[in-house]
Amino acid sequence: MYLLIVFLPLLGSGVAGFFGRFLGSEGTAIITTTCVSFSSLFSFLAFYEVALGASACYLRIAPWISSEMFDASWGFLFDSPTVVMLIVVTSISSLVHLYSISYMEEDPHSPRFMSYLSIFTFFMPMLVTGDNSLQLFLGWEGVGLASYLLIHFWFTRLQADKAAIKAMPVNRVGDFGLAPGISGRFTLFQTVDFSTIFARASAPRNSWISCNMRLNAITLICILLLIGAVGKSAQIGSHTWSPDAMEGPTPVSASIHAATMVTAGVFMIARCSPLFEYPPTALIVITSAGATTSFLAATTGILQNDLKRVIAYSTCSQLGYMIFACGISNYSVSVFHLMNHAFFKALLFLSAGSVIHAMSDEQDMRKMGGLASSFPFTYAMMLMGSLSLIGFPFLTGFYSKDVILELAYTKYTISGNFAFWLGSLSVLFTSYYSFRSLFLTFLVPTNSFGRDIVRSHDAPIPMAIPSILLALGSLFVGYLAKDMMIGLGTNFWANSPFVLPKNEILAESEFAAPTITKLIPILFSTSGASVAYNVNPVADQFQRAFQTSTFCNRLYSFFNKRWFFDQVLNDFLVRSFLRFGYSVSFSALDKGAIEILGPYGISYTFRRLAERISQLQSGFVYHYAFAILLGLTLFVTFSRMWDSLSSWVDNRSSFILIVSPFFFDNNK
């Protein structure tokens, strides 16, 4: 059963990929959805056995690589974090598959799409169940490849091409950190197996002084692993690929940003918690990166006009919360928020997809408006998802987001206070752009074309069922799972995310945090909603004044252009690398040194040598007689002096030199 959870999506993907043209769109959709749905069902059974029954399962399948001290096997580890991630991945993915049946029914290439979606689902369980670093890296790279294929699915669209080509190298930057991190772990611990590495993590290791700071090997390895997580989980610096990934079909956006790809970095940090607990420098860096990302993404989302892009920036912001929750050593709360976030974020994306699907693929919110009467069901779903996103009391997001902020406050460190205040401000901006998107899409006077309004329709049944199930998750999962997963004294995680006793602050946040601190997120979310209402549907004069003022216009451009991150990266990094690639790598090396020392240089040298030797063939007998006499003289001299030269000359090379002229073809 445990192996079926991992390999059923691979089976569905293979059938859809190889036999899709014979099965047709409906056949491939039924097969892939059935395989992923059974995988989801088995995940719930595994959750009951492993997490609720406190019975972790380890399966060693076969040896993979065995070379002296290096040993990596095909093994699958099912513990509490793994089964929680499996439920999230397989359940969200099965609902996305069901949604895609109706969403992609008119696309002629839907079998290929369903195959890509299933292989995407396969690589994520491969990542979370791996018991060693190499297997995790296999799933990590597979998820990146599948995301490229899905973003690039509509390959005739120029923007989809650009987004996919952008996502691939940005993720490779993260892999540039993860791969040396895995190599460093093997160098330090002589193994890639998680259990052995974690058992030896507390032992003191080598350290050195660099830039007037003492660094040890564990700190360096954790920073490298963080770089990998930053690339995959769209943190500051590498976050630019995430909003551009919206060029793919909406089910792809829901799958990437809710359950699968972007959560891989958070899970990897939680899985490697025994390593991250010991270097405090690494935890401070993680906290700062996560808090900065949550603030940056939230401020960027307030002035975006693309409906899916706004939700994508909210994903980056929520991932920042998860990362800095790991930085304050509360990995269980981070995974809990990851699970809660998956439900309401998938609901938001699928609801946005219903609007876009009905509005003739229009994604600009300024060209919508007044859709609440045409889409009452979709409006209700999106309202529930937005309320859960902003942490409305007693909805799913409230039970994890507010806990993260309370934990940051009770950390009583500079990094903890930094994360708390940036996270609290992010709540304000999150509430603003969530309600702004609702107002512009559903409530303000319509700006849509008449033909779109006439042809618009609410979500059909196959698209409505996943939304209803996700709405139930967005309402009740946080309440039902809070005490089980992050309640005081719970043994749900069974020490899998390891936390040092000095970093354990959950009880302090529960009882010692001031009441006003606990109310700050609610006050900020309420303020953001009221500001959104007063600015967008009501105050046209304020908007005109905002756009005509020079300072406000520059501020608008700053946030609308995404803090100019894309421009800065293109001007200072991408162009420099492209220039280096052409002038140095291509011109100087490929077409320069390598060509001269390689095929072109060798062929040119032998051609010139052949021309010189051919000049010796003059046709005069006395020239040949002179050559024969010279050869005989050398031969006699060499034979007479053989005794003194024999110690310096190898007989075998002499034989080869003498015999080789007889094997040359003189006719060529």
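Using the three backbone atoms N, Cα and C, a Cβ is placed for every residue, glycine included.
Here the structure is a predicted model, which means the values were calculated and not measured.
The feature domain 'NADH-Ubiquinone oxidoreductase (complex I) chain 5 N-terminal' is assigned by TrEMBL to 64-114. Residues annotated as domain 'NADH:quinone oxidoreductase/Mrp antiporter transmembrane' in TrEMBL: 132-419. TrEMBL lists 509-637 with the feature domain 'NADH dehydrogenase subunit 5 C-terminal'. Annotation source TrEMBL lists transmembrane segment at 83-101, 113-130, 136-155, 215-234, 254-270, 282-304, 310-330, 342-359, 379-399, 420-443, 463-481, 621-642.
Mean per-residue pLDDT, taken over the domain 'NADH dehydrogenase subunit 5 C-terminal' (509-637), amounts to 77. Secondary structure by DSSP for the domain 'NADH dehydrogenase subunit 5 C-terminal' (509-637): 116 helix, 0 strand, 13 coil.
Proximity of the transmembrane segment (420-443) to the transmembrane segment (113-130) is not established, fewer than 3 Cβ-Cβ distances being under 8 Å for residue pairs spaced 6 or more apart. Across the domain 'NADH-Ubiquinone oxidoreductase (complex I) chain 5 N-terminal' (64-114), DSSP assigns 29 helix, 13 strand, 9 coil. Here the listed stretches are 113-130, 215-234, 282-304, 310-330, 463-481, and the one with the most C-beta pairs under 8 angstroms to the transmembrane segment (254-270) is 215-234.
Sequence-distant contacts of the transmembrane segment (83-101) (same chain, at least 6 residues past either end, Cβ-Cβ under 8 Å): 5, 9, 29, 32-33, 36-37, 39-40, 43-44, 46-47, 50-51, 110, 113-114, 117-118, 120-121, 124-125, 128-129, 249, 251, 254-255, 258-260, 263, 267, 335, 338-339, 342-343, 346, 350, 353, 462-463, 465-467, 469-470, 485. If you look at the transmembrane segment (113-130), the same-chain residues 6 or more away from its ends with a CB under 8 A from one of its CBs are 5-7, 9-10, 12-14, 16-17, 20, 28-29, 32-33, 35-36, 39, 75-78, 81-82, 85-86, 89-90, 93, 96-97, 100, 104, 107, 136, 138-140, 142-143, 145-147, 149-150, 153, 249, 251-252, 255, 259-261, 264, 267.
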